[in-house]
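Marked as ATP binding site by TrEMBL: GLY84, GLU85, SER86, GLY87, ALA88, GLY89, LYS90, THR91. Annotation comment: TrEMBL describes 925-938 as compositional bias 'Basic and acidic residues'. Feature annotation from TrEMBL assigns domain 'Myosin motor' to 1-659. If you look up TrEMBL, you'll see 697-904 marked as domain 'TH1'. Summarising the annotation, TrEMBL assigns domain 'SH3' to 967-1025. Among the features that TrEMBL reports, region 'Actin-binding' is placed at 536-558. As annotated by TrEMBL, region 'Disordered' applies to 920-968.
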Amino acid sequence: MLGAKYDFSRDRERRAGIDDMTYIGPVLIAVNPYKNVDYCRENHMEKYRGATQMDNAPHIFAIAEDMFSNMLIDSEKQCVIISGESGAGKTVSAKFIMSYIAEVSGGGPNVQRIKDVILQSNPLLEAFGNAKTIRNDNSSRFGKYVEINFSRGGEPDGGLISNFLLEKSRVVSQAENERNFHIFYQLLSNAEFCQQYSLSLKLRFQYINHVGAIKVPKIDDAKEMHDTQHAMDIIGLPKEVQHNIFSLLAGILHLGNVNFGDKNNYATVLSEQDLRAPCAYFGIEVDYLKTKLISKRLEFKEHQENKQVEQTFTVHKAIFTRDALAKSIYSRIFDHLIQAINSAFQTTKKSDLSVGILDIYGFEIFERNSFEQFCINYVNEKLQQIFIELTLKKEQEEYKRENIQWTPISFFNNIVVCDLFEAKQPPGMFLLLDDICASSHATTEKVDQSYLHKLSSLSNQHLIVSPPTFTVKHYAGAVTYHSDQFCEKNRDILNIDLIEMMQSSTIPFVKRLFPEQTSTIKARPTTVGKKISSQANELVTKLMSCQPHYVRCIKPNENQAPGEWNSSNAIEQVKYLGLVANIEVRKAGFVYRREFAKFLSRYAILTKQTWPKWDGKVTDGVMHIVDSMHLDRREVQLGNTKVFIKSPESLHVLEDMRLRKFDNYARIIQKAMKRFCAVRVYQKQREQATDILHGRKERNERSLDRDYVGDYCNLHQRPDLQRLIPRNEKTDFSSYLHKYDRRFRRQGRYFISTNQALYIIDEECIKVGAGGKTNNAPVNKGKQQEGYMLEYKIKRRIPLENITEIKMSEYRDNFFLLCVNNDYATLLELSSKTEVVSIISKNYAKKTNRALPMTFGQGFEYTVKKQSWVGGGTRSVKFVHGAISAASNQIDPTKLRKGVEMPRDYEVKINRSSMTVMISNGLSKESRPNKSNAEKPSRVQIKPQTNNSSRKPPAKPPRPIAAKPSKQQKKLRALYDFEARSADELTFHADNELFLIDNSDDTWWKAELDGKTGVVPSNYVEVII
C-alpha cells in the first residue's frame, strides 16, 4: 500500500479487493472498509492462532496473536496503541483484538466469566460513551485503556478499565447533524421504557431534538438497547440498579426541558410542571430543585460570625447550573458503570502478565474547536510522542549505542508541541489556564480574554494567537481553537448546593453517586486540564512499561462510504502519522533485535551444541546458531549487547525451525504419554479380565501374561472393514478368530466388538468380469488373486443387550459360546478370549446396567441356526483333560493368519452332534498375571497398583535368563513366518535357524535368535540337530 513514492494511482484496483491491511515492519496499517468483511469474522481467527505475523496476510488478528504469544513466551506485559483520526476504525479494531484474545485464551467457568465481561463491556460502554458525529456514526467520546491480566497458562484472570476525557458537554449540546450519546436514543426506542419513564420521540427534548439527526440509518437503536441490557446483566448490575440508571437518564432528558425567564435581571422557572418529572426520577423535592437551579448559598463572616445569603442567578447562570447538574449526573453514571465492570473483572489472583488495549478519541479538527478538542488533541500528541520515541528516535539511538552501521534519518519530533501544552517552565498552556481560573473571578468572557492575553506572551513557533482564537500547529496539522468557555469548562465545578440536594434523594443509588463530604471540599479543586495532564502522563508511563504494538488506522474518505478512496486525504494521514519516516527507518533498519542471552535462550533448541546449555561465549553461541541455520551473515549484525537481524525472511527461518523442534519434542512426549496411559488401561483391563476368570477357569501360561492390544486387525489401516461399522459406534476390539458351524467345521472370521454390538464378518474373494462382479462363488478364500476382489460381509450382528450369557469351559482352552435371546448361539475360538470377554462384559454392563451372566463347566449344549433344508437342533461340546498327540499340533500354515492365529494345542473328536475337546492341564484357577511381566512390554515403567498389593504373584518362579548357547545345544528350523505379539516372544521367518533352550512346555519352547531370547510356538519349528 505504501511505497517509497507513495503512489496511489491504482487505488481503485486495490479498493476492489480485501487488502485493507498492510505492515510497516511490525506496525499494522488498517484502512477502514466501512462495511462488514468476511475476513474479520470469528471463523477466520483459527488461521492466525499460533502463527507469526509473517505466516499469513497482514491482519488485526495477527497483531493480537503476536501480543498474546509474546506475553506468554517472554513473560512481558504487552500493549497495543491504536491511533488515527476520528472515523478511521480504532474502536472496531480494539473490539477485534479483544474478541481474538477471548477466543484463543484458556477456558474454565471462571475464565469464561472474565471473557464475557471483556466482550460485553464493549456494547455497554459504547452505549454510554459513543455518539454520532459528522465524521463517524459511532464515534468514541471518551478514552479507555483496557488491561486484561493473565495466568501463566494464558487464561484471563482479571482486568481493569481506565477511562478519561468523557465528553460531558455532549449531554446538553451537540453540533448540527450530530447526536447525543447512543443510550438516550436506545431508551426512546423501547416502548416499555417510554411508557414507564414518560418518554416519547414525539416529545421535544431540548437535549436531543434541537439539532436533528435523531435516527441514523446504520444504527438499530432498539436492537442495541437489548444488547445494552444484556451487557448489564453479564457484568452483574442488579435489575434495581438498572432501573435507577434508566430513571436518571429519563430525569436528565426532562431536566433539559426546564426553561427560565428573566424578572428584573434574575432568573425564574417558567413552568413548575416541568420540574415534576426530573424530581420524581431524581428522588428530590420540587421546591428544592426549583430553588437550587436559580440560586446558590453564599457563606461569609461578619464580626466573627458565619452568615449565609442566597444569591439569585441570571438566566444565563441558571441555564449553566441546570446543564452542569445534568452533565454531572451523567458522568457519575458512566463512572459507576466503569466501577461495576472493574468489580466484575476483579479476582484474588495476582499476575504480572497482561495485555493492554488503548482506544481513545482520534485527532479532531472541526469547523469550531473548543476545550474538548483541545484536550483530545493534547492526548493524541502524547501518544504520537510514544510512537516517535519507540519506533523512530529510540530505534536510531539504539543503533548508534550498539555501534551498528547506520545512516541517520530525520523526522519531526513533536515533543516541542507536548511541552507547549504541559511544560512547567516556561509555563505551558494548561498551567496558564489553571492560573487564570484560580486568580480571576470576572465574567466568563473576560476570563477567556485574559487567557488569550497570557498565551500571546508565549514565544513558540507552534502557537499563533489571534483573538478570539488561537492556533496550535499539531503533528496532524494546524487546529484553530475558539477560547470561549475555556476557563469555565476547565473549572468544571458542581455547586455544593446541588451536591447536597442530590444527597437528599430518597433513592439510595442516587445518594451513592454523590459521596462527597461537602464540608471538606477544597476551595481550589483539581481542574480538568490538570487532571487530563496527570492522566495522560500516567498512561504514557504505563504504556512505556509494556512491549508496545501499533495499529495505525487510515480513513479512506469523509463520507463513510465503502469502496470510496480519497488519495489526497490518505496521503495527508500517512504523513502526519509519521509513517513516511517509519518506512524509511524500516527499509534501512532491522526487523529484529534481542539481547545475546535472550536470543541464545530462545533459539538454543535449534542445535545440539547449544541445547540444553551452551558452554562457550554467548556471542559465539549466537553465531553458531546463525551459521547452523545457514543464515546469510550480511543479514545479521552483532552489536555491543544485542544481535540484529535485517529481513523478516531470516527471522522466519529461525521461528519456523524452532516451532518444528518443539513440535517434534511434543510428539515424542505425546507418544510416550499415550503409551503410558495405554499400558495403565490394559493393565487395569487385564486385572478385570483376571477377576472374571479367577477361580473359575484354568489359565494358559501364554494368555496369563500376554499383552492386550485391542485392535489386532489394525482397523485404522483397514477402511474396507471400518466402513461396515456405524460411525456412532466405538470399536474396542478386533481380531481374526474361528467360528464353528453346525458340523463343527472351523471357519475363519473377523470379529469386531463395539460399545453397541458384536460383529462377525466374512471375507470372500469374488471373481470380477468386464462388467463388474460376475461370480459370487468364493475362490481360494483368504487370498486375493488376479481377476478377483476381496469383499467383506457382516454375517451376524449381535446387539449387546440381546446377549443372554457367555459360556466357557473350566479348562485352559480358547473356546467361548455366545448365547443370544430367542436366537441361535455361536461357538467361537480365540486365543485372546480373556481380553475380548472382559471387553464384552464391560460394554454390556454400561449398556444394560447389569452384569453379564457367565457360566463355566466341563461342557455345554446350545441351539444352532436353522437353515432352509434342515432344522436348527442342538449341539453339545465336552471338555476333558488328556495327553495331546504330536500330530494334532500340526496344522496347515496357509490356514493361519500371520501374527493373529496361534497353533492349536488341543485335540478334538467329532461325533455328529457333539464334539469332545481334549486338552492338557493348565495353570491353577487361582493364577494371576505376573506384574513384573506385565510391565515389561512398555518402556514406561508403571508402579504396582496399591489395591493389588495384597495379592500374591503366581507360585511359579520367573523364567531364568538364558545363558549363551553352546555348540551342544539343539538347533531349530522355522517352518513358517511368525510375528511376536509380546515382549517375551521371538519374531522369525521361515528357514531361520534358532537355538533351543527349553522345550519342557508342550506348546511353547524357549529359543534364541541373533542373540535375542524368547518363546516360540513349538509347531512352527522343527528340531534339526
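Just so you know, glycine gets a Cβ as well, placed from its N, Cα and C.
Those TrEMBL annotations? Automatic predictions, nothing curated.
Note: the ATP site is recorded as GLY84, GLU85, SER86, GLY87, ALA88, GLY89, LYS90, THR91; in the same chain, ASN32, ASN136, GLY362, CYS553, LYS555 also have Cβ atoms within 8 Å of that site's Cβ centroid.
Under a cutoff of 8 A between CB atoms, and with a sequence separation of 6+ in the same chain, the neighbours of SER86 (ATP binding site) are THR133, ARG135, ASN136, SER139, TYR361, GLY362, PHE363, GLU364, LYS555. With DSSP classes pooled into helix, strand and coil, the tally for the domain 'SH3' (967-1025) is 3 helix, 28 strand, 28 coil. DSSP assigns THR91 (ATP binding site) to a helix in the three-state reduction. Across the region 'Actin-binding' (536-558), the DSSP tally of helix, strand and coil residues reads 9 helix, 8 strand, 6 coil. Counted within 10 Å of its Cβ, the other Cβ atoms near GLY89 (ATP binding site) come to 24, all protein chains included.
Here the region 'Actin-binding' (536-558) returns a mean pLDDT of 90 for the predicted model.
Long-range Cβ proximity for LYS90 (ATP binding site), meaning a same-chain Cβ under 8 A and a gap of 6 or more residues, is found for ILE82, SER83, GLY84, SER140, ASP359, ILE360, GLY362, VAL551, CYS553.
The Cβ neighbour count for ALA88 (ATP binding site), using a 10 Å radius over every protein chain in view, is 26. For GLY84 (ATP binding site), other Cβ atoms within 10 Å of its Cβ number 24.
Sequence-distant contacts of GLU85 (ATP binding site), defined by Cβ-Cβ distance under 8 angstroms and a gap of at least six in the same chain, are ARG135, GLY362, PHE363, GLU364, ALA476, CYS553, LYS555, GLN573. For the recorded site, SER86 (ATP binding site), the DSSP three-state label reads coil.
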